[in-house]
Amino acid sequence: MMPLGLFPLPRAAAVLLISLLTLPAQAAERVISLSPSTTELAYAAGLGDKLVAVSAYSDYPESAKKLEHVASWQGINVERILALKPDLILAWRGGNPQRPLDQLAALGIPIFYSDPTHIDQIASDLDKLAQYSPHPEQAHQAAEQFRQHVNTLRDRYARSQPKRTFLQFGTQPLFTSSGHTLQSEVVSLCGGENIFADSRVPWPQVSRERVMTRKPQVIVVSGTQSQVDNVSAFWLPQLVVPVIALNEDWFNRASPRILLAAQQLCQQMASIPTPVAESH
């Protein structure tokens, strides 16, 4: 058989072909999502109408708020999940406890795991979900649009002068992100340089002194303007740099909406004057 790659196809035709190749014998009919991010992925992939239950804080889109909750920070309600008879469970590998998931898998329930550490993996998850969706073309189109948006941001901000960026999560204790997280990738996408990218653990706890020695030029947090005020006050008087607050749900969820946070960050980073080169 001639490899498909030898004959370039129009984009729309390629998406349709992928949809046909990945269409399962029977799409999922009863889906349960165990995290807010996988709930958003389900809707983006055309599985929203098939959701029968979700996790706490699954609040986007609006229709997700009407669904029953079977998971929270306290754990997973295995008994209730079994009563709902799902034929697909969407799980967050980094956030859901593994033991109840193993129990559910042992009973023959298919489990789709999502835990992207690279921004392009969100598009890959959408492509993979197409095999379970009654509308696989919607999943592939969402993945393609996501990739296009990422590439647009990369092209637009690739030549930006890097700004040393501190990703701040909390104050007491003070946590940040290594270079192996989605949040760090968003910073890089916008021309930022994560000052703790070299950390060996994904979410290191750091001291005030360690942050100061790395001389950040901008601080990025998730939250509202009040968070900006609190963080600015926390660092005074030793550190006076711009603080950018990003929509918490956009920035912290591994879903297509993370690109809204990226756009928000890129625009604000670009408006910050590049500091005069420091003498060494």
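In case you wondered, yes, glycine gets a Cβ from its N, Cα and C as well.
Here's what Swiss-Prot has on this protein:
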type	residues	note
SIGNAL	1-27	signal peptide
DOMAIN	30-277	domain 'Fe/B12 periplasmic-binding'
BINDING	Tyr57	cyanocob(III)alamin binding site
SITE	Glu79	site 'Important for BtuC binding'
DISULFID	Cys190-Cys266	disulfide bond
SITE	Glu209	site 'Important for BtuC binding'
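Positions of the features from Swiss-Prot, shown on the structure.
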residue: Tyr57; record: cyanocob(III)alamin binding site; DSSP class: coil
residue: Glu79; record: site 'Important for BtuC binding'; DSSP class: helix
residue: Cys190; record: disulfide bond; DSSP class: coil
residue: Glu209; record: site 'Important for BtuC binding'; DSSP class: helix
residue: Cys266; record: disulfide bond; DSSP class: helix
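A straight line from the CA of Glu209 (site 'Important for BtuC binding') to the CA of Cys266 (disulfide bond) spans 28 Å. In this structure, the CA atom of Cys190 (disulfide bond) is 28 Å away from the CA atom of the residue listed as 'cyanocob(III)alamin binding site'.
Distance from the CA of Tyr57 (cyanocob(III)alamin binding site) to the CA of Cys266 (disulfide bond) is 27 Å. For the disulfide-bonded residues given as Cys190, Cys266, the lowest number of other CB atoms within 10 Å of the residue's CB is seen at Cys266.
You'll find the Cα of Tyr57 (cyanocob(III)alamin binding site) roughly 20 Å from the Cα of Glu79 (site 'Important for BtuC binding').
When other Cβ atoms within 10 Å of the Cβ of Glu79 (site 'Important for BtuC binding') are tallied across all protein chains shown, the result is 8. For the domain 'Fe/B12 periplasmic-binding' (30-277), the mean pLDDT of the prediction comes to 96.
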